[in-house]
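Engineer: Before we start, here is the structure in question, set down as structure tokens.
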Amino acid sequence: MRPLDILAEAVPPDGAAAGVRVTQAQGARGLQLSAAAPHALSFPASRIFFGCDLFPEEFSIVVTLKVPGLPPKKNEYLLSVVAEPDTLLLGLRYSAAQLHLLFLSEDAAGTWQTRVSFRSPALTDGRWHTLVLAVSEGSFSLTTDCGPPVDIMADMPFPAALSVRGARFFVGSRRRAKGVLTGLVRQLVLLPGSDATPRLCPCRNAELAALSVPPILQGLPGKPEDNEVLKYPYETHMKVTLGTRPPCTKAEDTQFWFDASRRGLYLCMGREWVSVLAAKERLDYVEEHQRLFTTSETLGIEAFVIPGTGLFVAAANRKATSAIYKWTDGRFASYQDIRTHQAQSWRHFTIGNKIFLAVANFEPNEKGQEFSVIYKWSQRRLRFAPYQRVPTHSARDWEAFEVSGEHFLAVANHREGANHNIDSVIYKWNPGTRLFEANQTIATSGAYDWEFFTVGPYAFLAVANAFNGTSTRLQSHLYVRLGGSFRLFQSFLTFGAADWEVFHIGQRIFLAVANSHRYDVETQAQNDSYVVNSVIYELNVTTQTFVRFQEIPTCSALDWEFFSVGEDHFLVVANSFDGKTFSVNSIIYRWQGYEGFVAVHSLPTFGCRDWEAFRTAAGSYLIYSSAKEPLSRVLKLRMG
């Protein structure tokens, strides 16, 4: 027979009832009664017993509730069926350690009240529990949270002909002000004719196993649609965390986090922070926030945070000194100078509690030796100090990554003398020596950039090959790690590839390449060869390959940077040269779904080389470096 949802019958269709409120606790909603209106949830028995006014002889009652501790001698009713003037036909109540089923019995000697009691000490522990009380042929069984049933053979069986004519159902009371339910009730279902346990169990979340839950209590409060208020009033027992993004683990489940910088409220669900009440931020315009004067042209920039110390950017300068700047009073200020040799880029990474910063040096030192250097943060001196020198060949880029608990560094070797077809090297951290040691070499052609990412259990590494000595028209490669080494997975036709950028939008995975120019020794460079399409690829799960998604015209593109503002996603490209001038606009593109990325902002730049996005308590920012002037610019994103 069909389940009869007692709770849904008692709650008005619009969810409004005097003295009743919807309350959320421990990840689920329930109804809470007010002692001032003990009879708020009631209805005539004829509403569900319209074909026959006899209560079924065999049945189950399913209840999901959360109740606080009770004094030893106090009882509260979950359900009662009361006939006029005040005769209890059936009742379900609980005390601090027991659950009681009461019913009216009758024989030749008269009528009296029978009580069947189950010990259930966990019932009042303040957590959600689902109980199934099954009645059949004098046998009474109680199952709690899909656990082993407790069976009782009573002396008096449940009556075969219990009339409910003219009676009334009460939820959370016995028609009296005394003994009103003080906890929360989420489910209260009568299933005639059978034991409901097989319908509910086994269940992954046995404490909230559901046979029938009223619509107003289903799910969790999500984000309303635009200009919509929550349909049902509710209160919530919640813990709200402030500050930077906290972890979302089982311990934080159903807790809230308020992100002051984004002005959003998030709920921890299934190890992910889900937006509940997020102000829809919109990127209105971009304005210059700071001119950061550098000692020379800057070829790369790296933004990073050192916990407990602050936000930094490291500038890779073309001349002999590179610099680290610290965010102080809303601006970057000079913090530390480091001697480099035509530095191309910096890479920040951590191993355990150790903080490192690796620089890619393009030129040899004063002794003619080609080394790139790994620096380690000194917590005592609050400075970076040289840690390890690594032999490189006109290094363009470092990529740091972790696979199965092991740490790696990949260097993009651009050329050795005039030879661009050389090996780039992947180094592996040796915990014993506490040094990086060569682990694998990969043949590259004028390598410019490495990009690491994972898809499920697989680790990938993409290289941007820029020049093979005669042409920029060549294959860049994507490698997958199998059997302890990286193996070729897919190749892409690129034109002076200078950068790969991987990013996710929902469940979709994209890979964008920045093509810098078309050049071939036989044809020589033409002015329009610097205006070339850069390409965005998307992972096709069916074919297990990246397929061309969108082409975007760029002017000697050297970098892509992906960032998000509120619910919007953006890509900014570093346009550096159009064949005539270095004064070209870099472009911000916004994700438009079916339309792909659409240009929304043009940013005047001069010889733009690198973009970095970062966020502070004051808002969101972009910073770009110039390879043609000793000036980097910090731009602030203004939100609507």
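From the backbone N, Cα and C atoms, a Cβ is placed for every residue, glycine too.
Caution: TrEMBL annotation is automatic and unverified by curators.
Okay, so TrEMBL annotates it like this:
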type	residues	note
DOMAIN	19-194	domain 'Thrombospondin-like N-terminal'
REPEAT	284-329	repeat 'EAR'
REPEAT	331-379	repeat 'EAR'
REPEAT	383-431	repeat 'EAR'
REPEAT	435-483	repeat 'EAR'
REPEAT	485-541	repeat 'EAR'
REPEAT	545-593	repeat 'EAR'
REPEAT	596-639	repeat 'EAR'
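So that I understand the layout, could you describe where these features sit and how close they are to other parts?
Structural biologist: Per DSSP, the repeat 'EAR' (331-379) is made up of 0 helix, 34 strand, 15 coil.
On the 0 to 100 pLDDT scale, the model's mean across the repeat 'EAR' (383-431) is 97.
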Engineer: For the repeat 'EAR' (596-639), what are the same-chain contacts with Cβ under 8 Å, counting residues 6+ beyond its ends?
Structural biologist: 260-261, 281-303, 311, 313, 315-316, 318, 327, 330-332, 345, 536, 549-550, 552, 558-563, 565-566, 570-577, 582-590
